[in-house]
């Protein structure tokens with residue numbers, strides 16, 4: 001039995017999808033434990049780009065896919081992704097936790113209306129209904145996948161929820177209410193398609209563990225978006241840390257290797273503190289070259305220099321024992337590269353991330369400056385062949401954070417990968 005976990009160390013969009021896709025060729029099960037279709041995974045195979053928002057990235061390699069209890073599921077989006085796989089002749093076996101909560105049309109509308117009401121104080125959500133769905137989960141009023149298996153229960157819960165949500169939509173937001181029969185009709189069609197996959201996924205995973213199967217746990221988004229430990233309130237609505245994997249029925253003690261994905265620079269989507277943000281031509285150059293646009297919303301991502309405080313925090317919270325560095329190839333032909341090693345505020349040096357967003361908005365980054373490299377490194381397949389400037393950048397990160405960079409990704413394609421630790425080739 002071997003269980004591996006892949007976790008984003010920044011604000012998401014680190015390149016987890018490519019790494020997971022590569023590793024999944026030897027995996028029996030790939031498990032997603034958090035988030036919904038607010039997360040996007042981009043994978044390039046044979047020059048064809050696949051973008052998934054709900055399905056785990058390992059789906060293209062034939063691994064059995066599990067959407068765990070911590071995932072919130074928009075059935076319409078899931079069906080669309082499954083149809084895309086079928087269209088491309090990709091076979092997959094999917095299991096949906098009967099404990100997973102279901103995103104409803106009123107969740108999406110409330111997400112949109114709430115963002116509009118906040119005005120300049122908006123968080124920058126994807127408006128996919130994620131937050132309102134998790135709110136119903138915490139409030140213990142949400143509709144779960146298991147409820148879809150008994151139409152009478154689903155009808156009753158839909159009626160109760162819709163009455164409440166329509167009152168909010170009409171009286172607080174002065175917006176047109178939803179029609180019960182319209183939603184019921186639409187979701188009955190979804191149920192007919194998806195009900196075969198809804199099951200007790202903890203039992204499936206327990207059987208897989210007991211029979212020695214190889215399991216890959218896939219985190220969505222990143223540590224700095226965690227609802228508890230991220231830059232609150234500019235965070236997602238779920239736990240993104242490895243501790244959330246317990247919700248899948250897998251004890252953390254059983255996870256053999258935990259690899260954190262680090263992008264060679266920083267990016268984030270939406271509002272919130274971003275200490276190392278690069279405004280101007282260099283940031284624009286990195287964004288365009290790296291195609292840094294949200295795979296879910298297509299919004300341009302904000303670009304910044306690599307911030308080691310976020311990486312150290314992620315390593316500590318997730319007990320990461322390996323790192324994968326992605327998109328180093330995007331940084332060629334930049335004269336000076338910077339890595340943030342600390343923050344400064346009113347004469348005080350911070351070697352950790354302050355909790356207060358008000359402080360974070362005003363700290364100044366303390367940088368270590370590196371000479372850039374001009375060479376196009378995308379076709380390099382051995383670490384020794386990298387420019388010395390690129391190796392200095394990599395090895396400085398390793399020394400500062402105390403964890404080996406075991407994998408280097410130098411492009412979106414599977415083959416553009418350098419392994420510095422054979423463990424990840426031989427899983």
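The backbone N, Cα and C atoms fix where each Cβ goes, and this holds for glycine too.
If you look up Swiss-Prot, you'll see 12-18, 40-42, 301, 327-329, 409-411 marked as GTP binding site, on the strength of sequence analysis. Residues annotated as IMP binding site in Swiss-Prot: 13, 14, 15, 16, 38, 39, 40, 41, 126, 140, 221, 236, 299. Annotation source Swiss-Prot lists Mg(2+) binding site at 13, 40. The feature active site, proton acceptor is assigned by Swiss-Prot to 13. Summarising the annotation, Swiss-Prot assigns active site, proton donor to 41. What Swiss-Prot records for 295, 296, 297, 298, 299, 300, 301 is substrate binding site, and it gives sequence analysis as the kind of evidence.
Everything Swiss-Prot records as a feature, shown here on the structure.
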| residue | record | Cβ within 10 Å |
| --- | --- | --- |
| 12 | GTP binding site | 28 |
| 13 | IMP binding site | 29 |
| 15 | GTP binding site | 21 |
| 18 | GTP binding site | 27 |
| 38 | IMP binding site | 29 |
| 40 | IMP binding site | 22 |
| 41 | active site, proton donor | 26 |
| 42 | GTP binding site | 18 |
| 297 | substrate binding site | 16 |
| 301 | substrate binding site | 21 |
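Taking the Cα atom of each, residue 41 (active site, proton donor) and residue 298 (substrate binding site) are about 13 angstrom apart.
The shortest Cα-Cα distance between residue 298 (substrate binding site) and any of the binding-site residues 12, 18, 38, 221 is the one to 38.
Note: the Cα of residue 12 (GTP binding site) and the Cα of residue 38 (IMP binding site) are spaced 11 Å from each other.
For the IMP site listed in the record, the two most distant Cα atoms among 13, 14, 15, 16, 38, 39, 40, 41, 126, 140, 221, 236, 299 lie 34 Å apart. Sequence-distant contacts of residue 328 (GTP binding site), defined by Cβ-Cβ distance under 8 angstroms and a gap of at least six in the same chain, are 264, 377, 390, 393, 394, 408, 409, 410. Checking the binding-site residues (15, 18, 297, 300, 301) against residue 38 (IMP binding site) with a 10 Å Cα-Cα cut-off leaves 297. Annotation for the binding-site residues 126, 299: lowest Cβ count within 10 Å of the residue's own Cβ, 299. Highest Cβ count within 10 Å among the binding-site residues 221, 298: 221.
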